[in-house]
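Taking it in order: structure first as structure tokens, then the write-up.
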Amino acid sequence: MASSDPSKRTRPGPWPPAPESAAMPPSSWAKRTGFRPKFSGESNATDSGQITALPTPTPPAPAPAPAQAQAQAKPRQPDANLDLEAGRPRPGPTSNGEAVVARDRAKEKEKEKEQTPPVRKRRDSDGGKTPAANGQAAAGEGSRRAARNEEAAVVDVLPQSVMDDDGFVARHSHMKYELRDTPGLVPIGLYGVQHFLSILGSLILIPLVIVPAMGGTYEDTANVVSTVLFVSGVTTLLHTSFGSRLPLIQGPSFVYLAPALAIINSPEFLGLTGNNFKHIMKELQGAIIIGSAFQAFLGYSGLMTLLLRLINPVVVSPTIAAVGLSFYSYGFPRVGTCIEIGVVQILLVVMFSLYLRKISVLGHRVFLIYAVPLGLFITWAAAFLLTEAGAYSYKGCDPNIPASNMVSDHCRKHVSRMKNCRVDTSHAFRSAPWFRFPYPLQWGTPVFNWKMALVMCVVSIISSVDSVGSYHASSLLVASRPPTPGVLSRGIGLEGLTSILAGLWGTGTGSTTLTENVHTIAVTKMGSRRAVELGACVMIVLSLIGKVGGFIASIPEVMVAALLCFMWAMLTALGLSNLRYSEAGSSRNIIIVGLSLFFSLSIPAYFQQYGISPNSNLSVPSYFQPYIVASHGPIHTKSGWLNYALNTLLSLHMVIAFLVAVVLDNTVPGSPQERGVYVWSEPEAARREPAVFKDYGLPFRVGKFFRWVKWVGL
């Protein structure tokens, strides 16, 4: 930890390290954001320019006079006139003795500077190449800082780091590959595939939940899974090229799962006969397209920059945490349908991710990175062997016959185990084609229903809030500085456009930044944009192989529920981890987060249980009961679509958490440092810094078309 006192800074080379101070006052945006090492575990990382001027060794100064020594020995008091940009106190009125000391020091520094020029080192994330323009600009900036700080130019350090799961500082200087690194085709190829495999659960689990809920077959599930992989690869390439340009994977977010289930269980769909899947999917597509168009307008119109003023870590944390907590009624109740398979699945993932997380194989934490795929493969293989051995086959019983039509009590007793424990690949893997190309409107022409579209428009705002937190956290790991508000608006706008593509292709949910991606970057230490792009190309190729979707569709629902228990718990923790950017111990923040989380569970419970008698026969399974509130909610007006929209929205946990948090955080007084207000890079400063321009600038000179639109560029 570097000291804020120039005379006590650690010097490289032959100079002995100086004693550490209590805390370093962060500079510029980090200061205003409230990134304090003693509160959040943050530590300092290199500055955006990544230039360090090493001071040359100088002979020791003569012993100071008693008056001067007494002046130097006085403890430095915090200055109210702290220059946030320069990271030092502004000059103010001082005593005569202090003025003499300061003048003598300035003369000595000028003589030293004339005798020996400062040695500069550059470390650029492009691999060490130093353009002349960048070096000249940095040299000028370094000389100005030298004059300000009254010593050799040493760039301000920004606490752009977070603590990894083992307590080590995970900053971008410790990353194996940073944002613009291109070490070679083979390394980035391996890391890119690893990146997608590590979040495989986020990509495939949502289709495995919503397709059976729509009445789809194994073949429908396989086709939707292939479509999700294809759209995820395409939208990730678009986002890394023309969006925020951060190495963030786009895919079906859990933010869209609850509203999708609410639409699937709408009253008008309960009495459908025939192919329910295609009819409901077309309704979902229409709602997603309209909601995504609203999100695109929110980003590209510049309204997102206004909304950013209301979004802070105290708002993001409970909102994202509520997404994970909202599915508790689906998680373990589904695991209990085949307890021996579901519990083993959970225990394996927990053992790999926690107890074996420090074990490295060839320098990689295999068990931590691949906890979900490894646990899924082992449990699936065990369930497959048990199925083939006849452990879940009962004489004279057919699992495809409904329980109501079974005559034998013996079969009726074991029908649940036959349906939930078996891994029957004949329905999915064997029937899936080897090649299948997902194409737009493959389920038919979308149906536009405005009451469902209104729900998706509100959900798109929640999705944008989720992405804001992901942009900020990932930029601290891999980029030189946080993005500008214009870059963020551009990313949100492109997420809206890519969600429109997801609606046209028919994935069942919108496409947005996966929150789990930030955790994957911190664990794998891989932040290369090229690696993520190459991994996206691999996903596109795999999506064309129909057998891949068929294999995934053969995963039993109980294993899906077990994995979701882990994924939703991770999502909850990742949401709450945003509090590290604020003063988490503040009573103000504690009360706001506590109220947001409690009401996000309690208010939707009131809506979900309203008008349902304990002994009523529900037309849907009990684990889908929270999503049929549109038919019995407490709001009854003359407008049917308004009743549907309000009853549905107020039954969604994340919507309540967002409303409570955003109102309290923006009305309860609190300092920006206490609130942890997100401070993004200034556009003018970003344009002057070549490193920032390389991180976020649009390729192929596309940025020239956006020069007139200030809110979607640097």
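Using the three backbone atoms N, Cα and C, a Cβ is placed for every residue, glycine included.
Just so you know, TrEMBL annotations are computer predictions that nobody has curated.
Note that the structure is a prediction, hence the values are computed from the model and not measured.
Residues annotated as region 'Disordered' in TrEMBL: 1-150.
Under the heading compositional bias 'Low complexity', TrEMBL lists 20-30 (among others).
Among the features that TrEMBL reports, compositional bias 'Polar residues' is placed at 41-51.
What TrEMBL records for 56-65 is compositional bias 'Pro residues'.
What TrEMBL records for 66-80 (among others) is compositional bias 'Low complexity'.
Annotated compositional bias 'Basic and acidic residues' per TrEMBL: 101-115, in sequence order.
The annotation transmembrane segment is assigned in TrEMBL to 185-210 (among others).
The transmembrane segment annotation in TrEMBL covers 222-242 (among others).
The feature transmembrane segment is assigned by TrEMBL to 254-272 (among others).
What TrEMBL lists as transmembrane segment is 284-303 (among others).
Per TrEMBL, transmembrane segment is recorded for 310-328 (among others). When Cβ-Cβ distances below 8 Å are used as the criterion, the transmembrane segment (310-328) is approached by residues 254-255, 257-258, 462, 465-466, 468-469, 515, 564, 568-582, 589, 592-593, 596-597, 600-601, 604, 626, 652-654, 656-658, 660-662, 665-666, 675-678 of the same chain, each at least six residues removed from its ends.
Annotation source TrEMBL lists transmembrane segment at 334-355 (among others).
The list of residues near the transmembrane segment (367-386) in space but at least 6 beyond its ends in sequence, with Cβ under 8 angstroms from a Cβ of it, reads 165, 194, 197-201, 341, 344-345, 348-349, 352-353, 356-359, 392, 421-423, 425, 520, 523-524, 555-556, 559, 562-563, 566-567. The transmembrane segment annotation in TrEMBL covers 367-386 (among others).
Feature annotation from TrEMBL assigns transmembrane segment to 531-552 (among others). For the transmembrane segment (531-552), same-chain residues at least 6 beyond its ends with a Cβ under 8 Å from one of its own Cβ atoms are 177, 185, 187-189, 191-196, 204, 208, 218, 221-230, 232-234, 236-237, 240-241, 247-249, 425, 428-438.
As annotated by TrEMBL, transmembrane segment applies to 558-577 (among others).
Annotation comment: TrEMBL describes 589-607 (among others) as transmembrane segment. For the transmembrane segment (589-607), same-chain residues at least 6 beyond its ends with a Cβ under 8 Å from one of its own Cβ atoms are 314, 317-319, 321-322, 325-326, 576, 579, 582-583, 626, 629, 633-634, 647, 650-654, 656-657, 660-661, 664-665, 668, 670, 674-675.
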When counting Cβ pairs under 8 Å to the transmembrane segment (222-242), the leader among 185-210, 284-303, 334-355, 644-664
185-210
Contact between the transmembrane segment (254-272) and the transmembrane segment (644-664) is defined here as three or more C-beta pairs under 8 Å separated by at least 6 residues; is that satisfied?
yes
Residues of the same chain, at least six outside the transmembrane segment (254-272), with any C-beta under 8 angstroms of its C-beta?
202, 206, 209-210, 213-214, 279-280, 283-284, 287-288, 323-324, 326-327, 452, 455-456, 459, 462-463, 466, 508-510, 512, 567-568, 571, 619-620, 624, 627-631, 644, 648, 651-654
